[in-house]
Amino acid sequence: RFIAKPCAINLGIQDSGPHRAQPNAILEKVFTSITKSPDGKRLEGLSKQLDWDVRKIQRWFRHRRNQDKPTTLTKFCESMWRFTFYLSIFFYGIRFLWTAPWFWDTRQCWYNYPFQPLTSRLYYYYILELAFYWSLMFSQFTDIKRKDFLIMFVHHLATIGLITFSYMNNMVRVGTLVLCLHDASDFLLEAAKLANYAKYQRLCDAFFMLFGVVFIVTRLGIYPFWILNTTLFESWELIGPYPSWWLFNGLLITLQILHIIWSYLIIRTAYKALVRGKVSKDDRSDVESSSEEEDVTSNSTKGVFSTSSNGSNRINGHVASGQWTEE
């Protein structure tokens, strides 16, 4: 409210929403009580009832759905908050771990386990991360539903489970390594979103490409060969198969599977960016085209369609303008 919003306004981001749908009691009742995306049979029936063209009814429902979407200013403020948190917690983690012996030698994570002291800095690091991921867990149900909703839900569950489980079992040393590693790329993605909202396309592309490189290096390189190596093999060698060993490593491997899925999406987006000359859209996006885009393309055959998470066909947002959108 006091930092992000003034920054957005100075960058020329207007606090204006999409074109509002024309008031219509019949269509509004269908939208709120029956379906937000009517099929062909229902569209034909509404067309006869209202004496409207089917295309006009489709446009009304599209405008009505977009009417509930957050504005670019709202999304900019949200991304700036996440960028601030990810960047701050990452540098806090690096500063804390730089002097920690287990940062340089992962075998230190298991020496004298479980009788390892819990310092105040380590405690606050854990509590801050846990609180943030709980907030993400709750907010995903009110945010825009995206294609990776289920994957993100599993990710948040696994992350919260890992943080809580490792804290209860005093596996906080290896836990800090996992947390810091995951924070290394997240602030770059939020920076790319900020640049996209401000319409700095080249800066957005640069941040996204940098994010992709850091993500793949950390999640497909460092994570399995550094983190999983110590939790799977070094812990087994030093303290043996403790009772919770299977559950702990099962959660870590679940994260690795999610890393592979996201890496595929990032590589596909980067490939399209190279082919088209810029990042066109985030493959997770389920945003429908804005009202203005629909008005422009209503008489043409241009348009890129994709299947949304609920199975209905929608026009991806900002395809006509060629800009990348993440929400």
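Glycine residues also receive a Cβ, built from the backbone N, Cα and C atoms like all the rest.
Remember, predicted model here, so these are calculated numbers, not experimental data.
The domain 'Homeobox' feature in TrEMBL is assigned to 27-71.
Summarising the annotation, TrEMBL assigns DNA-binding region to 29-72.
The domain 'TLC' feature in TrEMBL is assigned to 74-275.
Residues of the same chain lying 6 or more positions beyond the ends of the transmembrane segment (83-103) and with a Cβ under 8 Å from any Cβ of it are 109, 121-122, 125, 128-129, 132, 173-174, 176-177, 179-180, 183-184, 186-187, 190-191, 193-194. The transmembrane segment annotation in TrEMBL covers 83-103 (among others).
Counting only same-chain residues 6+ beyond the ends of the transmembrane segment (123-142), those with a CB under 8 A from a CB of the stretch are 85, 89, 92-93, 96, 149, 152-153, 156-157, 159-160, 163-164, 167, 172, 175-176, 179. Feature annotation from TrEMBL assigns transmembrane segment to 123-142 (among others).
Only residues 6 or more beyond the boundaries of the transmembrane segment (207-226), in the same chain, are considered here, and those with a CB under 8 A from a CB of the stretch are 106, 177-178, 181-182, 184-185, 188-189, 191-192, 195, 255-256, 259-260, 262-263, 266-267, 269-270, 273, 279, 324. According to TrEMBL, the feature transmembrane segment maps to 207-226 (among others).
The transmembrane segment annotation in TrEMBL covers 246-267 (among others).
The region 'Disordered' annotation in TrEMBL covers 282-327.
TrEMBL lists 301-315 with the feature compositional bias 'Polar residues'.
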Secondary structure composition of the domain 'Homeobox' (27-71) [DSSP: H/G/I, E/B, coil]:
32 helix, 0 strand, 13 coil
